[in-house]
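One structure is given below, encoded as structure tokens.
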Amino acid sequence: MILDLDIGNTLSKWRLKDVASSEIRSRGAVWTREEWRPGADIPDLDVVEAVRISSVARASVLRDTVALLRRQVGAVHVARSTPEALGVSCGYEEPARLGVDRWMGVLAGYQLTGGCCSVDCGSAITMDFVLPGGRHLGGYIIPGLRLMKESLKLGTRNVAIDPDSEADELLAPGRNTVEAVNHGIYMSAVSAVNRIYSEVCDREGVALPLLLTGGDARVVSRGLRVPHAIWPDMVYAGLETCFPMTAAERAGRLSGAPPPPPAPPLEKVRASLAFSMLL
């Protein structure tokens, strides 16, 4: 089995993948901790022959995690943000400072669609752009839905946005304080994603396929004007591209990859942008 770890600052996700069949056998999520408990926080390591890690947690968390795993697993691979990988050149002035989860999303997206805009809807909403030739432009970071709400210090009125709500409902004026806050936060997030996407595509002269991942991808998706696809395993797919271990991975078949979404006509993107600038 392959154990894939996506370690965040507060929440970490894992999955077990069968080497022979490439099937995902199990998956889960736990709070990030200094000391993992195999068999409790993560699967029993007796069945694991290799580990792949993407981590944006503190350096001490990654160091201690790797030390624990290497005592029991033969191969432990840690992803790093690099100046270039798999045909993509990093747009950051200091590539090592780009969050490795974002880099994994960029690499996975590029393998799937060529140029793309990858959006991770987590605690923060990050947007990264890579052109068809492999040049990563850099990206944007804005507060996610939860962080925006926490900044308002609502206390007991801090009711989460219902992920099953329809976009028309979430974009309508709120009829009480909780709705007004939730709808305002949602409007802010989706408006930012729509506007940033249009601005960058207009400036670069190319409309890019749009890929979403992260815990809030499904609800953010409902408010986007651009054709797109949701790819929950996009960070894991980045690990697969960097450290291919199964026959399917070596053949370029990435876990859970959606059909590549069509890019909208550039003229339509520009028309939408021009209209929004008149408002």
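Placement of Cβ uses the backbone N, Cα and C atoms for every residue, glycine included.
According to Swiss-Prot, the residue from S123, S151, S165 that belongs to the ATP site alongside D6, I7, G8, N9, T10, L11, S12, K13 is S123.
For the pair D101 (active site, proton acceptor) and S12 (ATP binding site), the Cα-Cα distance reads 12 Å. The two recorded residues, G99 (substrate binding site) and G8 (ATP binding site), show a Cα separation of 10 Å. Remark: D6 (ATP binding site) has S12, K13, W14, S54, S55, D101, V235, Y236 as non-local neighbours, by Cβ distance under 8 Å and separation of at least 6 in sequence.
D120 (K(+) binding site) sits 8 Å from R102 (substrate binding site), taking the Cα positions as reference.
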